[in-house]
């Protein structure tokens, strides 16, 4: 794999990252010899796991009030009230698609694991394996990441809540600009969001379908440097690989193997993770507690969440500069539309695009939030600092669950002391106000916000950022 040093991430040399073999493990047949021990190893209940599903988390995990009432605006809505003299001019919403089915690759791995549990085994009591062998494998590869019915409801309900919160922007005859990634789940999410707006928004007879815009919603696919040096470079994920082989994952692996009465050599971190994610899918898609959940305790879930977060951190977050720098094309586009709205307002013209909604992926939102400096920990996430990261800010399930949304709201304010205060901005993540770094407040003048991000707005050029170095470098030194 070669050697290299990740930005702020310590050495990724072969000796420290990705090359360590599993230490000696206890035999996986202990539980087979002692059936009663297998029962003791299983958690008494699967409750408490749902907060650790990372990017496969339900939106309700970050907004629990929606479990009771999916149209409730929740306690945060009252906090966002501005002075009566402020009127919203433009709302720019970046959405992650709603709840989806597993990808074909995940379904294949689950099928492989399930098939092992159906093989003949010694005549000993193994309740966990028996329960999972009886579980019906209903996932088919044709589902391949498609939007689930719950995903459509996620989007429809989100649209109705945003319309209720910002009624002026979704009033009849206000223009909606709706764009999406080319992925089926995003296009369907966009259509569901449009339906959710219902009669509160009328586009007239010239209504168009969702526009596909991969250059903004899937900027990462168009960034050659990211694709070559992160996406397709195994060495870039050395911290993830090292954690898979580390003591925390080894403990979870041994425990699951013992519960399933399988030799530990027949499992690996990827198979254990797919079992854990099946627990998450069943909850998100069907709202049921899957028998797969019974394999894991809350402590196991924290370890598996960290594995997911490590991947997000090094592939989409702060691990490498190119992860976030590649999103500047989207960041600049947001401010170009805000600029246009400000100019139209100053000229007393109607706002041409009061409501702009774009549907993408967790991979769309996570780099953008990193570019803006949100959820950055003092210490990078690494394979060897799991315990020290217990209270980390970077928790992907809290940042980009299904239906995650980042909303910029531009206001025009009358009765202000200075002209600079006339245009102000708020940002909401998952319908909760965010504190701006430069003010430590939930509102900023538009001028101050632009000034704070001046370097990115003026000096981040997508083509130059994403150009591959002239020398063919495959290690992560270049990053």
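Every residue gets a Cβ built from N, Cα and C, even glycine.
Of the given residue ranges 29-53, 54-78, TrEMBL assigns the label transmembrane segment to 29-53.
It is 48 Å from the Cα atom of residue 413 (disulfide bond) to that of residue 279 (disulfide bond). Between the listed disulfide-bonded residues, namely 86, 293, 413, the fewest other CB atoms within 10 angstroms of a CB are found at 413. Each residue contributes its Cα atom, and for residue 293 (disulfide bond) and residue 86 (disulfide bond) these two points are 48 Å apart.
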